[in-house]
C-alpha cells in the first residue's frame, strides 16, 4: 500500500505534496481537489445516450474535461532498424536494460486492462515495432480481446513485404507507414540505410491485400517541401491516405521555426497545381484534416499539431516501452504502471485506479502552460513522435497566441477596433517574512522605514510603468490604482492586493499583477538587511472585468491584522 501511495505522489508531480494523496481506501485512490485543474472550463463532447453518459463519466478513462479515451498507442520497443539523421546519430543511442522494459506478458495484460475499461482501438508503435520477433503473436493475442474493435501498427515499412501477410492473418486491421521522401537517394541520405524500394513495395502490397494504408510524411523546409505535389500525385492511382505532419521545430536546445512548413502554406502550394483540391468530412476524434483531388483514388490529410491543435477532441493515451503511461504526447509527465504491476501487493483494481488518476491529470490542451522546453528529450526526436512514447516538449501553437504572428514573430495586438469599456482587475501577492520581521514591521522598527506604506507607494508606481516593463504591453491611461498592504501576524507574512481601473480598449490585469509584484519586491528590499529567508509567493490574478472574458477567483480566506490604506 505504501508503494501505491508513492506511485500516486509521483503522478501528482513536483507542484503537489504527499498530503494531496488524501487516502487509500478499499484499493481506491482519492485525490484532493486542487485549484488549477478542477476549475477549468469543460471541453465540449459529442452528445450520448443518458446511460452511456453515466458509464463514460464514471470510467477511469474519462478525464476532467469529459474526454473519453478509447485509443491506446503501445510502444513495443525503443529499437529501430533505421538511423534517420533527425532521430538519432549514426551509431544509435543508448537503450534501457531489458529488465526495465515491459515483457510480452505485461504488454498483453495492460492491453486487456485498458480494453476492459473502454479502449476500443490499439496501435502498436516503437521505435520500430516490426523489429520484435513476437510482433505477429502480440497482434493475434490482442485481436482476441473480445471488446477490441481495431488493432493497427505504425512502421517504417522496411519488412512489410515479409511480415504483412502473417500480420493480416493475425488480425491486423490498419496500417500507418512513415515515409518522408519519394526519392531513393534522399531516402538513403536521411535514413543512412537502403530500402526505399522495399517500403514502396510494402505500400503496394498493403493495397493489394485490401488495406487503405496511411503514409505519414513530416514536411521540412529545405528538405522535402519540393515533394509536396509528388506525394499528392502518389494518391492518384493508389487508395492511400498521405498525411502531411507539421515538423516540430526542436533541435538540441533551440527552436528552429524556419524549418516548419505550416498546414496553410502546404495547402496553398497544392492548390496552385490542383485548384479543386477540396476538404472532406472528418470524424469527431480525427487528428488529420482530410482533403482530396477529385478523381484521385486516395486522399491527403494534414496533422496540424503545431499551428492548429486538436486537443479538445483528443481520445488518445500512450504506453511507453518501459511501462509509463503518457496522457499527452507533448506533456512531460509520465507515470510507471510497470512498477505498480510488478509489486505483488498492488491489485488489478488498484492498477485501474492509478490509470484513472493519471487520466485525471490530463490538461485541457498541450499549450495551456505556454511553450516550454523540457530538458530530457528522448533520443528519437521527431519522425516517430507520433508513435514514440517519450518525446518531452511543449508545442508552440502560434495560431492561438495573440502576441505573435503566424510565423512566430513578435507583434503588438491592435485594440483599435475594440469598444471602450470600464476595465477593472485585482491581483494579490504574499511575502513570507518570518517571526522576527513580522514583529519589526508591526512595531514599525525596520531600519529603512514604514515597510507597508513604502510598498503601497511602490506598487502604485509600478502599475503606472507596466508598459515600460512588459514587452508589447499597451500604455494605458489608468483612472485608479489602489494597493493594500496587510500584515498577517499569524501567518508571519505580508499580503498585498492591488485594484486597478481604467476606461479603455484593453484590460489592466498586467498593471494589477505588476503592482503587487513591485510591492512585494519592495518589502523584500526593505527587509533584506534583517533576513534573506524571505519568500515571495502566490502572485496571481484575483479577478478582471469589462473585457471579452471576465474572470473571478474564489476570495482568499485571510484574517486582517494590520491594514494600511
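Cβ atoms here come from the backbone N, Cα and C positions, even for glycine.
For the GTP site, Swiss-Prot records 73, 123, 154, 316, 317, 318, and the single candidate of 214, 264, 418 listed with them is 214. Mean predicted confidence for the region 'Molybdenum cofactor biosynthesis protein A' (3-367): the pLDDT average there is 82. Straight-line distance linking the Cα atoms of residue 317 (GTP binding site) and residue 80 ([4Fe-4S] cluster 1 binding site), rounded to a whole number, equals 22 Å. Reported as a whole number, the C-alpha separation between residue 316 (GTP binding site) and residue 84 ([4Fe-4S] cluster 1 binding site) equals 26 Å. Around the Cβ of residue 317 (GTP binding site), 23 further Cβ atoms fall within 10 Å across all displayed protein chains.
Looking at residue 84 ([4Fe-4S] cluster 1 binding site) and residue 178 (S-adenosyl-L-methionine binding site), their Cα atoms lie 12 Å from each other. In this structure, of the binding-site residues 214, 318, the smallest number of CB atoms within 10 A of the CB marks 214. For the binding-site residues 311, 314, the ranking by surrounding Cβ atoms (within 10 Å, all protein chains) places 314 first.
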